[in-house]
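Data first, discussion second: the structure below is written as structure tokens.
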Amino acid sequence: MSLTTVICVLWAVSVGQTAGSQHGTNIIIMLMDDMGWGDLGVFGEPSKETPNLDLMAAQGMLFPNFYTANPLCSPSRAALLTGRLPVRNGFYTTNAHARNAYTPQEIVGGISPDEILLPELLKKKDYVSKIIGKWHLGHRTQYLPLKHGFDEWFGSPNCHFGPYNNSVCPNIPVYNNSEMKGRYYEEFEINVKTGESNLTQIYLKEGLDFISQQAVAQRRFFLYWAPDATHAPVYASKHFLGKSQRGRYGDAMMELDDSIGQILAHLVSLGIHNKTLVFFTSDNGAAVMSGPLQSGSNGPFLCGKETTFEGGMREPAIAWWPGRIPAGTVSYQLGSVMDLFTTSLSVAGVLPPDDRVIDGLDLSPVLFNNSLLDRPIFYYRGNQLMAVRIGQYKAHYWTWSNSWEEFNKGINFCPGQEVPGVTTHTQEEHTMQPLIFHLGQDPGERYPISVESKEYRDVLRRVTAVVEQHQKDLIPGMPQLNMCDLAVMNWSPPGCEQLGKCLKAPESNPWKCDWPH
């Protein structure tokens, strides 16, 4: 009997049970890394190699119009955990106009101490919170997860780039709670040549064990499960390597899909599925510049990661809660990763902070009644509002894929998708006459609506009012991603002494980070 069959049988037996009290709800957020909208069978991926995610959608609610808050990893994760746009929570740069910034090893900053993260608020209802996988909100001690509300952590503060030689650049550490237990490419192996690594299996076991422990102790929990196998260099365990029709990226997809199936089946077997909200999504669009061997698919959408075109910011998303969320439903709600913050607080019975702007909406009416909430989607790249979506319409105020300099080096954010006047290699401002697309009729953003049409004038009037109000109310946060310094890299993380893994850091010599994209 296949895993999907097991889930189906268990779910069918138990779905009729009365759901638990909403305010005793467990919360699981599954955040994938660089996984595209078009990577799921339920969204039309032709290989149909995601049976568990497809089943999750059949048993829950599918969101075709769900967005990240930034087309790059660190800012989108900061937005999820704070419920706030990166330009508000400080996860952006002012070193150059409209540049994506993140948290590589040399970054000095991290999540601001003024920000209140989701697990900190959930403590009000005695939740036990764990993050498994990639953190990416700063690697220096004061920025790590256990300093910001999480009770447990197994994973890494950075991407699994490498291997490095540890003299010029240290390999990235892997933490168990507040101390490192080794480094990528050393104790935690990733074979870049073959793509073999057991990390997803380690993250799966950590997740299953955590869920079991909390279920036995009858404690409410928040699990933030953030594996990174689909981020280049992509990897999969030996059992999955070579299995996919899609190559190594597909192998990683199949393993993640299998792991998600095991987690959902585990919830059912423990009898806590009907009091557990599970939400699956990705941090940004597929990194098509790494394709096809190291990249996923953004389906019909334009470009990918790093851009504010649909391929960079529209994400796969599924909500699952048997007995509470009607099975087999599709919501056309415009959703955002920031909504997971507010929605999680709502189902936990915790009020959001009232001393700051929260951009995330409570999606409870959408999840439980399939209501539609009127809201815009703002597409930011660094410090610049690039585009806005209201309803089916998207207005671009700025367009840019990447610079000619980077493009001529072979870095292409829109391979095979060049649209004249849209996927520009210089930053083009359209503030006086935005490019407007109807995403229902033109999801690939190839055919701007004529500026001479009544349709254009009507949409422009509506969008202008939304943008003017947003900009009037916006108070940008202090940028945290401006400064870099080789001395702050992962030379001597906490716990390195016991392992004999401490490395000598160079002298401090900070500089303004260069963000080319």
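From the backbone N, Cα and C atoms, a Cβ is placed for every residue, glycine too.
Now, the feature entries from TrEMBL:
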ACT_SITE  CYS73  active site, nucleophile
ACT_SITE  HIS136  active site
BINDING   ASP33, ASP34, CYS73, ASP283, ASN284  Ca(2+) binding site
DOMAIN    26-350  domain 'Sulfatase N-terminal'
CARBOHYD  ASN198  N-linked glycosylation site
MOD_RES   CYS73  3-oxoalanine (Cys)
SIGNAL    1-20  signal peptide
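Other than ASP33, ASP34, CYS73, ASP283, ASN284, the residues of this chain whose Cβ falls within 8 Å of the Cβ centroid of the Ca(2+) site are, in sequence order, MET32, MET35, LEU72, SER76, ASP228, HIS231, SER282, ALA287, LYS305. When the C-alpha distances from ASP283 (Ca(2+) binding site) to the recorded positions CYS73, HIS136, ASN198 are tabulated, the minimum falls on CYS73. Between the alpha carbons (Cα) of CYS73 (active site, nucleophile) and ASN284 (Ca(2+) binding site) lies a span of roughly 6 Å.
The C-beta environment of the residue listed as 'N-linked glycosylation site', restricted to residues of the same chain at least 6 apart in sequence and closer than 8 Å, consists of GLU189, SER237, LYS238. Neighbour list (ASP34 (Ca(2+) binding site), Cβ cut-off 8 Å, at least 6 residues apart, same chain): CYS73, THR230, HIS231, ALA232, SER282, ASP283, ASN284, GLY285, ALA286, ALA287, SER295, GLY296, LYS305. Cα separation, the residue listed as 'active site' to ASP33 (Ca(2+) binding site), rounded: 11 Å.
As a whole-number mean, the pLDDT of the domain 'Sulfatase N-terminal' (26-350) in this prediction is 98.
Residues within less than 8 Å, Cβ to Cβ, of ASP33 (Ca(2+) binding site) and separated from it by at least 6 positions along the same chain comprise CYS73, LYS134, ALA226, PRO227, ASP228, ALA229, THR230, HIS231, SER282, ASP283.
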